[in-house]
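J.: Below, the features straight out of TrEMBL:
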REPEAT    B:63-105  repeat 'WD'
REPEAT    B:106-146  repeat 'WD'
REGION    B:147-187  region 'Disordered'
COMPBIAS  B:155-177  compositional bias 'Acidic residues'
REPEAT    B:324-365  repeat 'WD'
REPEAT    B:367-398  repeat 'WD'
DOMAIN    B:400-486  domain 'Sof1-like protein'
REGION    B:440-492  region 'Disordered'
Amino acid sequence: MSLSKYDRPKTVSKASKNPKDKRVRAKLKRLDDSYKNAVKEAQNTEILLQESAGLMETETEMEKTFKVTQKDIKDSVDESMNRKAIDLKLTEYGPYVFDYSRNGRSLLLGGRKGHVASMDWQYGKLHCELHLNETVNAVKHLHNDQFFAVAQKKYTFIYDKLGTELHRLKQHIEVKHLEFLPYHYLLATAGNTGFLKYQDVSTGVLISELRTKMGPTISMKQNPWNAVVHLGHSNGQVSLWSPTMSKPLVKILNSRGSVKSIAIDRTGNYMACTSTDRTLKVWDIRMFKELNYRSLPTPGLSCDISDTNLLSVSFGPHINIYKDIFTNDHKDVKLYMHHLNAGSKVEMNKFIPFEDILSFGHENGVKNIIVPGSGEANFDSLEINPFESAKQRQESEVRTLVNKLKPDMITLDPNVIGTIDKRANTTRLTAKDLAELTNKQREVGANDVKMDILPKVKGKNSSLRRHLRKKSKNVIDERKMRVESNLKREKELRAKIHAKKNGTFKDEENDLLNPALSRFG
Amino acid sequence: MKIKTISRSSDTYIAERNTDESRISRNLNPALHPFERAREYQKALTATKMERMFAQPFVGQLGDGHRDAIYSIARNFDSLNKVASGSGDGVIKYWNLKSRKELVTFKAHYGRVSGLIVTPNGRLLSCGHDKTIKMWSVNDEDFKQQAKKLKQYDDNEDEESDFDDDESSDEEEEAGNELENGFMNENEINSSNGLIKTYLGEHSFESIDHHFNKDLFVTGGAQIELWDSNRSKPISNLTWGADNITTVRFNNVETSILASAGSDNTVILYDIRTNSPTQKIVNTLRTNAICFNPMSAYNFVCASEDSNVYGYDMRNMKRSTNVYKDHISAVLDVDFAPTGKELVTGSYDKTIRIFNVNEGHSREVYHTKRMQQVYCTKYSLDSKFIYSGSDDCNIRIWRAVAWERTNVKSTRERNKLEYDAKLKEKFKFMPEIRRISRHRHVPIGIKKDSEKRQIQTQSIKRRENNERLHSKKGSKPFKSEREKHIVANTYK
């Protein structure tokens with residue numbers, strides 16, 4: 001059977017597919033058939049899709065797609081598309097960071113020097129404009145365009161669409177990066193403090209504070225497939241976090257320099273990282289294997305992966321867009337497009353959802369460039385609808401709130417829920433087996449207790465040692481002798497434990513004099 | 001160079017007018033729908049919670065009518081909204097369930113009405129401990145006219161009765177008068193006016209049931225007798241064994257089969273084609289009620305005094321097909337849903353339980369503060385409601401599925417309910433969902449008792465097991481729960 005994109009990963013093992021019981025077998029077969037049917041019917045709905053994706057193809061050998069300039073593209077696409085390629089010149093408060101709402105309709109700008117603006121960028125309608133007189137580090141839309149969060153100099157604030165300050169999140173201090181997990185309604189923040197904090201924006205509860213212990217967080221991105229947050233650190237590591245675990249789920253050593261930016265594709269299969277050691281690395285985050293590697297002329301400041309798996313990376317005033325980079329064949333990587341934003345360093349770049357446009361913020365504003373074939377052409381209006389009415393927005397808000405996922409459902413495999421925990425041997429063993437097993441364990445445990453040597457082994461600065469240190473060396477009194485003998489005993493015991501760990505422990509012939517008598521020996 | 005970009009026209013997606021539906025476009029690509037399983041689980045959880053929130057099983061009661069415990073409820077197979085009820089003081093009533101009003105009331109018997117049935121031609125047959133069986137007309141059209149006449153011509157009451165009440169005796173008239181004076185108001189119709197026939201028996205009757213389509217009925221008492229409704233004497237006597245018969249029940253599919261339960265702990269099957277009993281089982285305790293599965297003719301269930309309900313296949317009665325446990329006191333009545341998939345039981349422990357035919361424990365328990373011992377339970381003919389008659393003189397109407405509503409639903413609502421049902425089915429084994437969907441509040445007495453029972457059964461099981469382990473191999477064979485209660489099985 002060919003694997004289509006509608007196929008789900010199998011959760012049933014082969015062995016359990018052919019159970020002995022006739023009824024169970026029939027039921028499983030029925031389930032399997034209905035699943036196959038569903039996949040087939042989902043495939044058949046493809047002919048109903050309205051829109052076709054964009055593309056840019058060469059017609060002769062000599063033509064190269066990366067030589068095509070924005071002017072060429074603008075000449076060959078229609079007027080409505082040209083209008084979307086906006087160029088906002090904002091010279092005073094840059095450099096700019098920005099964020100698009102989930103449906104790509106609302107643009108939120110944040111100038112480093114305190115300029116925040118929210119607008120419908122397609123109609124050029126400004127919702128609000130704020131001058132905060134304070135550094136703005138990051139901006140983020142929440143679940144829709146009605147609310148947004150701004151990471152300012154010290155605190156993080158939440159504003160509504162009209163710019164009214166709603167909340168000051170005083171627990172989120174010196175935040176540099178914001179992420180919003182839409183299905184869990186969690187706002188994740190990270191920054192100079194080295195803490196990763198999750199705040200539930202529907203209830204206002206701080207879900208968890210995780211200490212990364214890796215210094216200031218340099219970069220941050222959520223995996224849209226499983227809501228795991230990836231943090232990039234100055235030691236070149238990328239750590240993966242879930243709010244219920246105090247330690248990272250995974251740590252990846254990405255590069256020698258600090259990880260400047262992270263991008264993850266929508267199916268959660270691939271991750272791209274840029275680093276100060278001028279590398280661009282592509283990872284398969286199912287296997288945690290490096291797939292591909294590019295070195296850039298200068299360190300890449302930001303990168304993003306589009307819905308159609310184009311990878312954009314910005315370094316200095318340049319933006320490179322790669323196609324087919326998610327393979328482990330280095331020759332296969334094609335530079336798809338290149339753009340030079342002359343005279344102004346690119347701060348961040350991002351593909352606009354459901355559009356063939358890459359947006360980037362630079363020192364003097366925000367600019368859109370057309371990248372044919374970068375957007376998902378067919379949206380699902382029941383999921384994210386770029387054309388939603390106010391009514392639809394309200395309804396979907398209620399629906400998503402009702403079906404809000406719990407923070408402890410964030411795992412590396414998002415489909416783990418509802419499956420059998422194969423580690424739980426109690427589900428597989430019969431009562432008899434279980435009793436046997438526990439008995440055995442009890443026996444082993446009892447032996448362990450007998451074998452365990454538990455000396456009061458103290459560290460380097462134990463009180464005994466301190467006493468010895470402080471005492472003048474040449475005076476021998478009763479206390480000093482006692483301390484020395486105790487220390488000696490501890491040392492022996494420690495050696496014994498060490499030997500046991502190494503497996504070189506030999507049970508010496510028992511001392512005939514037991515400890516009570518040994519002092520006379 | 002070929003260059004093309006996505007070009008969506010907003011006109012296709014945005015409704016022109018406020019009243020228009022805006023276009024819904026779907027893309028089933030899983031990449032666009034992250035957290036598929038987790039969201040489904042969450043939806044299933046929400047649906048389960050909603051289910052419990054909407055669970056309001058009690059619909060209404062027919063409270064003002066009877067003055068004594070209700071011992072029998074009979075359905076009219078031709079009409080969805082009419083039931084008859086008989087109570088301990090000998091009164092039978094015929095109800096319109098839509099208006100929850102009684103249509104007719106008869107003072108039928110001295111002592112309790114032990115059996116009541118609606119015949120296929122829409123009449124009532126009642127039997128009692130006063131050794132009589134009575135047939136009543138319940139055609140309410142007739143009665144309305146009669147009511148008017150009664151009011152107008154109070155003097156010549158005898159003339160307007162156009163039923164042939166040939167057997168009407170002085171006693172009945174007396175009873176009627178008593179009823180009239182006692183608790184009938186003007187609008188209600190009384191007593192002996194609906195009486196068509198009286199059959200006089202030789203012993204008091206315990207139970208009655210009518211043949212599905214022929215003019216035959218069967219009565220149980222000291223004897224089990226088959227009657228033709230056009231004759232005044234029983235046409236045959238099917239008695240096998242000596243003791244009293246407490247329950248008789250016709251099979252409505254294989255219509256010539258009938259079953260009876262007696263106070264000698266027997267369940268006997270009869271065939272009226274050969275005019276004889278066919279087989280008998282003896283149980284450890286008495287059977288209170290029998291009901292045949294309306295969809296599969298050979299299956300039937302017996303409500304037992306030992307608080308269990310036993311399912312049988314009449315082709316092999318050496319063991320029961322299923323044991324329905326959960327009641328903590330004698331089960332007094334059992335009835336199959338017309339779909340044959342569920343059964344409802346009423347018990348002496350003051351609860352009603354609904355069982356899935358294939359499962360051993362109840363999926364639902366109904367109780368109220370005021371409901372006393374439940375003597376009879378019946379499914380409505382659309383299997384959406386349950387009627388129960390109890391010791392507190394009340395007939396109660398319950399939903400068969402506590403959270404379901406019978407109103408007309410829009411397509412969207414229906415789709416949502418179907419989708420939720422599927423999700424609940426898919427995730428029903430998840431611990432949280434299972435806990436919520438199974439949780440029922442029950443009175444403290446029942447909770448304590450069932451816990452105690454569980455401990456008792458476990459200890460018995462343990463003891464038996466220990467005995468088996470420490471006695472000679474094979475001397476104490478294991479006996480399954482399904483055959484434990486069967487003492488003997490004989491054929492005739």
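Glycine residues also receive a Cβ, built from the backbone N, Cα and C atoms like all the rest.
Map the listed features onto the structure and describe their local environment.
T.: Averaged over the repeat 'WD' (B:106-146), the predicted model has a pLDDT of 85.
Sequence-distant contacts of the repeat 'WD' (B:324-365), counting only residues of its own chain at least 6 positions beyond either end whose CB sits under 8 Å from a CB of the stretch, comprise 57, 288-296, 301-311, 371-379, 381-383, 386, 388, 390, 398, 400, 402, 440, 442-443, 446, 449-450, 453.
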J.: Using DSSP, what's the helix, strand and coil tally for the repeat 'WD' (B:367-398)?
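T.: Residue counts in helix, strand and coil order: 0 helix, 16 strand, 16 coil.
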J.: What else in the chain is close to the repeat 'WD' (B:367-398), if you only count residues 6 or more beyond its ends and a Cβ gap under 8 Å?
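T.: The answer is 57-63, 65-75, 77, 80, 83, 85, 87, 95, 97, 332-339, 342, 344-352, 354, 404, 406, 442-443, 446.
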J.: Which residue counts does DSSP give the repeat 'WD' (B:63-105) for helix, strand and coil?
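T.: Looking at the repeat 'WD' (B:63-105) with DSSP, the answer is 0 helix, 23 strand, 20 coil.
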J.: Work out, from DSSP, the number of helix, strand and coil residues along the repeat 'WD' (B:324-365).
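T.: Across the repeat 'WD' (B:324-365), the residues distribute as 0 helix, 24 strand, 18 coil.
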J.: Helix, strand, coil residue numbers for the domain 'Sof1-like protein' (B:400-486) per DSSP?
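T.: Going by DSSP assignments, the domain 'Sof1-like protein' (B:400-486) contains 54 helix, 1 strand, 32 coil.
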